[in-house]
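Trainee: What TrEMBL records for this protein is below:
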ACT_SITE  K60  active site, proton acceptor
ACT_SITE  Y291  active site, proton acceptor
BINDING   R159, M339  substrate binding site
DOMAIN    270-398  domain 'Alanine racemase C-terminal'
MOD_RES   K60  N6-(pyridoxal phosphate)lysine
REGION    1-22  region 'Disordered'
Amino acid sequence: MRDLIAPHGDLPRGKNPEQIAKADPRQRAWVEVNPAAVEANCRSLRRHLCESCALMAVVKADGYGHGALTVARAALQGGAKSLGVATLQEGIELRQAGHNAPVLVLGNLTHSEDLKACLHWQLMPTLSSMREALLCQNLADGSGRQFRIQLKIDTGMTRLGCELKEAPMLVEAIGHLNQLELKGIYSHLALADGDLQGKAAMVTDQQQQHFETVLRTLPEQHNGFTRHLANSAGTLRDRGLHYDMVRVGLALYGHSPNLQLQGKVDLQPALSVKARVTLIRDVPAGVGVSYGHRFTTRRPSRLAVVGIGYADGVSRSLSGQISAIADGQLLPQVGAITMDQLVLDATNHPDLEVGSIVTLLGKDGDACITPQQWSDLSGSIPWEVLCSFKHRLPRLVI
Ligand SMILES: *Cc1c(COP(=O)(O)O)cnc(C)c1O
């Protein structure tokens with residue numbers, strides 16, 4: 001990990017996100033990213049928050065597949081005050097690109113070398129235990145620098161975070177570690193994307209109560225930190241969950257965590273997946289198509305072979321269930337989706353030709369295909385759909 005630390009303390013000049021965008025538009029398939037949509041979503045989200053509540057843009061997993069640098073820039077432009085990442089490397093990437101905004105590492109860094117890199121790059125690690133707090137104190141002690149950290153409390157997610165009953169003691173102990181600066185206390189909701197009533201409401205309410213119980217035990221002098229609890233779902237479902245900051249991922253990219261929360265804030269999808277027709281075939285009725293011949297033509301058919309497959313992130317479990325849009329018209333996908341290609345039934349679309357662009361995900365004319373539609377069909381969730389597009393697909397920033 002030592003090579004992650006530059007010899008000098010200054011930040012190297014950044015990669016321009018637009019450089020990543022210079023993909024050849026004649027590609028067989030690509031992901032189109034619209035940073036203006038991310039910026040507009042941030043503004044919409046900001047309007048939904050009260051004046052004193054800040055917006056953290058969660059740009060982990062390469063900005064949910066949109067390109068972390070593209071998204072970070074647009075989000076900060078749209079009023080986000082800080083950035084959330086999952087890993088050390090993701091945080092360093094932001095710093096190397098020249099972003100100076102506060103960055104919180106949401107994942108757990110266990111190695112001393114990782115925490116050292118965090119201190120060097122001024123990334124805030126998430127601490128869940130005394131062990132990590134002491135590691136940070138020792139690292140900072142040697143460097144003569146203050147280490148800005150955040151403490152996570154488990155209020156019911158049962159993943160990262162300290163035990164509820166340990167929290168007051170940990171806050172006090174951190175207060176005594178003179179090299180540590182506690183910048184935030186937070187927790188994470190487990191069921192906020194569930195129904196607005198029933199179990200999801202009960203669990204969310206209970207998590208909030210646990211969070212407040214901890215906050216109430218903290219002595220007066222510990223009030224320089226940011227309290228935060230809500231992800232996208234929490235942000236949209238209840239303003240009572242907002243506190244000093246919300247950590248928004250999915251909504252930033254233009255998608256609602258569930259149908260009930262749709263329309264609470266005006267959101268525009270920022271990503272489309274497009275591919276080109278690479279071959280047109282006119283075949284008779286009764287022809288088996290693709291591996292396993294899962295589909296057989298019922299009539300003389302015009303088939304369009306498209307250069308995108310499951311190795312690009314179009315899940316094989318969607319085979320025969322999705323459509324693609326060409327000129328605002330839906331064309332059914334037929335047969336098994338293969339590693340690099342899929343087949344559309346273009347019988348009702350005689351204008352389609354080799355080189356024509358089809359939209360697998362996103363909007364074209366009046367037609368629109370959403371990650372939610374795919375995830376409903378494949379038993380996934382919109383988050384996973386967005387993160388599944390591989391880097392074989394160039395990101396085209398529009
Ligand atoms: C990923 C993540 C978020 C963002 O979640 P969304 O549902 O995409 O808004 C917020 N907080 C933490 C701790 C996360 O890991």
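Cβ coordinates come from backbone N, Cα and C, glycine included.
Help me understand the surroundings of these features in the structure.
Mentor: Classification of K60 (active site, proton acceptor) by DSSP places it within a helix.
The number of other CB atoms found within 10 A of the CB of Y291 (active site, proton acceptor), across every protein chain shown, is 13.
The secondary structure of M339 (substrate binding site), as reduced to three states from DSSP, is coil rather than helix or strand.
When pLDDT values are averaged over the domain 'Alanine racemase C-terminal' (270-398), the model yields 97.
Cβ neighbours of K60 (active site, proton acceptor) (same chain, under 8 Å, six or more residues apart in sequence): A68, G84, V85, A86, T87, E90, L106, G249.
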Trainee: Using Cα coordinates, what distance in whole Å links R159 (substrate binding site) and Y291 (active site, proton acceptor)?
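Mentor: Spelling it out, the Cα of R159 (substrate binding site) and the Cα of Y291 (active site, proton acceptor) are 41 Å apart.
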Trainee: Take the C-alpha atoms of Y291 (active site, proton acceptor) and M339 (substrate binding site) and report the distance between them in angstrom, rounded.
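Mentor: If we compare the Cα positions of Y291 (active site, proton acceptor) and M339 (substrate binding site), the gap is 11 Å.
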